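> Questions regarding the structure given below will be posed in turn.
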Ligand SMILES: *[C@@H]1O[C@H](CO)[C@@H](O)[C@H](O)[C@H]1NC(C)=O
Ligand SMILES: *[C@@H]1O[C@H](CO)[C@@H](O)[C@H](O)[C@H]1NC(C)=O
Ligand SMILES: *[C@@H]1O[C@H](CO)[C@@H](O)[C@H](O)[C@H]1NC(C)=O
């Protein structure tokens, strides 16, 4: 370990001790965390090796219209065995500052990278399914660096990337745990564990539901909200027309992508919500099973240009994500999140109880679409940007655009 990181750890401990005092001696058992899953890797490789797939598709020529294409799956299987290197990936993950803290009986894992600027805005980034903290790593370093907003304001962030309860290294929550419960725990993480008075919150997919709950329910501490997704059910074409909302050509494509998800793309959603044990246990000890279930989403929810700049979403990235789900044995608990939040999509667009600024980023190949007219119903919308490259995982699919939009938080930030 470098001496600079030792000094940083000491400072982190000291900071935690001071915070503990401030809140009356409450201890969160904040401590550094190292990723070490090497013991489970041999079994994973053996399972990958031993999983037989058909030599040719049962129904040729259907491509990916009935789910993942056999050729794509076999190609990933072979790359997993030949090129993928867990040790190397783990080494680079451990270059980041990981911690765990105990909050409300849960162990919460998070990455915390500080800016050198004392005026940096604290920013929590909430991932979704089948994502993880990995989704935001391509923008992490640049977020901590000083930059300018479009209006020339200086901006940098202290970045916190937690693992949702039940995902990777965060413990599975009780059976009745909701997004609001996670929002409360994450607000505690930001304020009491890390000692920030105020912060900005951003999220995608399930993480957007948590971000919305923080934005709505902690209006004195969550002082800006950035969203790539919303916990409100999107309107269909007829409902948009009835609301007199007309769509641009880009928005029409985005709405078509939502209709596609809502008709032939939501089987996983219903299965996770209703029978997470059945699918979760079926996949629990099957890396290829998890690969099939998860890779299909990464591929079909991303820009078809994935892997070409600005996208960094390549096969290795998909294999890393699936390896993390398998090696941390968190496939079942991650899926339970849907069952625990069966009404996670509200149909009534209610305005959040906050005056904090809201920013929304739409991406062409995302799986759901909310025009600005709908977004402004649920928050104090200050900026709506629509990107014609990228999809459901903007941190991987278009990190350049995500970084740019996150930096705009500073334009509206009032400390
Ligand atoms: C949720 O379950 C826990 C036990 O796991 C229980 O203590 C708590 O009262 C329950 N909460 C609600 C709102 O039902
Ligand atoms: C839509 O526009 C029509 C015609 O201008 C108007 O009669 C109707 O009330 C509008 N509907 C909504 C929901 O604003
Ligand atoms: C914050 O929320 C409370 C209710 O929890 C509400 O009374 C208050 O007006 C809100 N503040 C702002 C600025 O919206």
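Glycine is no exception: its Cβ is also placed from the backbone N, Cα and C atoms.
Bear in mind that the values here come from a model prediction, so they are computed numbers and not experimental data.
The active site, nucleophile feature in TrEMBL is assigned to 205. The feature active site, proton donor is assigned by TrEMBL to 338. If you look up TrEMBL, you'll see 392 marked as active site, proton acceptor. Residues annotated as domain 'Epoxide hydrolase N-terminal' in TrEMBL: 31-136. The signal peptide annotation in TrEMBL covers 1-24.
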> How many Å lie between the Cα of the residue listed as 'active site, proton acceptor' and the Cα of the residue listed as 'active site, nucleophile'?
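Rounded to a whole number, the Cα-Cα distance is 8 Å.
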> Using a 10 Å cut-off, grab the number of neighbouring Cβ atoms around the Cβ of residue 338 (active site, proton donor), all chains included.
19
> Please report the Cα separation of the residue listed as 'active site, proton donor' and residue 205 (active site, nucleophile) in Å, rounded to an integer.
11
> Per DSSP, to which secondary structure element type does the residue listed as 'active site, nucleophile' belong, with helix, strand and coil as the options?
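Looking at the DSSP assignment, the residue listed as 'active site, nucleophile' belongs to neither helix nor strand, so coil.
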> What does the DSSP secondary structure composition of the domain 'Epoxide hydrolase N-terminal' (31-136) look like, as residue counts for helix, strand and coil?
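Summed by class, the stretch gives 38 helix, 23 strand, 45 coil.
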> Compile a sequence-ordered list of residues in the same chain as residue 205 (active site, nucleophile), six or more apart from it, whose Cβ lies below 8 A from its Cβ; state 'none' when nothing qualifies.
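The answer is 127, 128, 129, 131, 228, 229, 392.
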